[in-house]
Amino acid sequence: MMTELSGTTLKIYNYMIKQKKPVKLTKIQKDLNMSSKSLVHYHLKKLIEEGLVKEVDDGYIVSKVVLEDYIRIRSMVLPNSIFLASFFISSLVLFVIISLFYSGNDTSSIFAGLVIATASAYFVRDVVRKIKRF
């Protein structure tokens, strides 16, 4: 049964997901500025017990990708909400362009603009928050 990853274990797991090749223990320690190899080994052992990481000849690799609310594209990990953010930003830009040509200053146009702008801001904030957390 999988437990919720947190803290250093999650940090190591997220780091390993972004790697294209197996990663050695010392590289993880150096890249994540961790105090000792034994600390890295402890957290890797927890990930191995969960079945998320496995040891191979060249180091450690992620054996199971468990990303809630994220999508992996090659070595990039992006929040799912990035697609909604880009949709609403595009809609807002298009709305502003159309409004400029057709002089839409009635209350329904203003309301529509506010709704699209609010949705854009919400999803952009969500993307930024998830990227910082990852």
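Glycine is no exception: its Cβ is also placed from the backbone N, Cα and C atoms.
Marked as transmembrane segment by TrEMBL: 82-102 (among others). If you look at the transmembrane segment (82-102), the same-chain residues 6 or more away from its ends with a CB under 8 A from one of its CBs are 109, 112-113, 116-117, 119-120, 123-124, 126-127.
Residues annotated as transmembrane segment in TrEMBL: 108-124 (among others). Away from its own ends, the transmembrane segment (108-124) comes close to residues 81, 84-85, 88-89, 91-92, 95-96, 99 of its chain (Cβ-Cβ under 8 Å, at least six residues beyond either end).
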